[in-house]
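Down below is the structure, laid out as structure tokens.
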């Protein structure tokens, strides 16, 4: 039975990674029509560097992800501190209201944002996408940053510390590790975000996932595979970094 | 296009009725000056008396009056008008929309069931195979794709399951001259892509539920001569039930509104509520209709969350 379990897990992992491996390999296949048998070539890497708007879209993605990370991490960590430290009326409600943005399908969230932004005159484009990404990343930041906030402030105050002193000397120094984890998370969420960007993008300003989607819908050559591979590896690296940082899985390991 | 259809009493879903629209619209075409594409364009053209009468959205029209002082008014034609509530009526009165909703529902149910079976088995294997330290490695490997770009993962399946793709090449290697097994642009392809995308959810929720089961319970059951399937069926599945329910809700909700998987893997067969909403916003520019369907979908989602909120909350606390 135990052996069967391991075989099954390995099969599941093959299922999860096989298409990704094929996608990466096809980026190095010579045929523009994805024809097999496989013929190794790096022509698509060279061609990718020539496609300016693809490179530009990648740059836009990174810029939005960086700004989103800074804003969402600051706002989200402050919210997490407030939610964990203070008893105030409506706290339970506020905490519950964090979940819908994560759980409701992005399609609904983003069409609602589009209608709202258009109606209120915010419009579409870079600033609209940025608002959307920040709004989406904040709940994740609050949840991730909140995991590691412990209530030592009361302990400090019971030992004679003033509230302000306790905040600056006890709570604040404890924040950076959880903030780094939350920031990595926010960056990954923003970098991979497609649906919200898709509805809020303008023809002149897109992000990488939106650009990839429009290529897939119309016509594409394996250079799309190369850029997809880069994006995929970037987000995997971010998540692994996050896992290392937050000692993911270590606490659950009982055996 | 919908306006002449409605004006001439045609069926909006019957392509044959488009001829009637053509014969009716062509004579009045010279009266049509411009199809505006931005609020600014409309304002400038109207202020310059380029046209005598025009249509605009309600939001921009308020700004036209307030900022530009243009003589824009809200008018209900004496022949009647389509208000926002009518958009909801459209959804419920069109058999076609019911068909689309049914397809979306079928796809979501199939995806959720497949994820439940295979995800539960994976969680079982994770907890009960004596993996030790490698368990964390397996768990990270299973969860890692979940945090990568879903669009790219869906895209990568097209290269595997299309005719003459990787799967066909693999089969041809074993059995030269085999017929193509490619099934891109079918509903099965959509379900495959969705299962691939969402199964990590189910593995995680079931794993959390199963890892709280005390080994002593299983040992006690075995000591009392419980049969193997009694242990599997009565103890493990029942105790993992909160995880199964939570995982199912977390998968069903996004899947019922999915649009990029049906678009990319389903091709012409991939018409779902999600693609209809997307189409109304990005292609047909019928935002009110898209918003109406979106809101109907949201109410379904909220109803599901309300029904299972107890189970979800208990699961979140573990």
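Every residue, even glycine, has its Cβ placed from backbone N, Cα and C.
All annotation found in TrEMBL is predicted automatically rather than curated by experts.
The transmembrane segment annotation in TrEMBL covers A:7-28, A:62-84, A:96-119, A:125-145, A:166-189, A:195-214, A:226-248. Residues or ranges marked as domain 'ABC transmembrane type-1' by TrEMBL: A:58-242.
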For the transmembrane segment (A:226-248), name the stretch out of A:7-28, A:96-119, A:125-145, A:166-189, A:195-214 with the most CB-CB pairs under 8 Å.
A:166-189
Do the transmembrane segment (A:166-189) and the transmembrane segment (A:125-145) come close, with at least three CB pairs under 8 A (pairs 6 or more apart in sequence)?
yes
Intrachain neighbours beyond the transmembrane segment (A:125-145), with Cβ under 8 angstroms and 6 or more residues off its ends:
60, 64-65, 67-69, 71-73, 75-77, 79-80, 83, 98-99, 101-102, 106, 109-110, 113, 117, 175, 178-179, 181-183, 185-186, 189-190, 193, 196-197, 200-202, 204-205, 207, 246
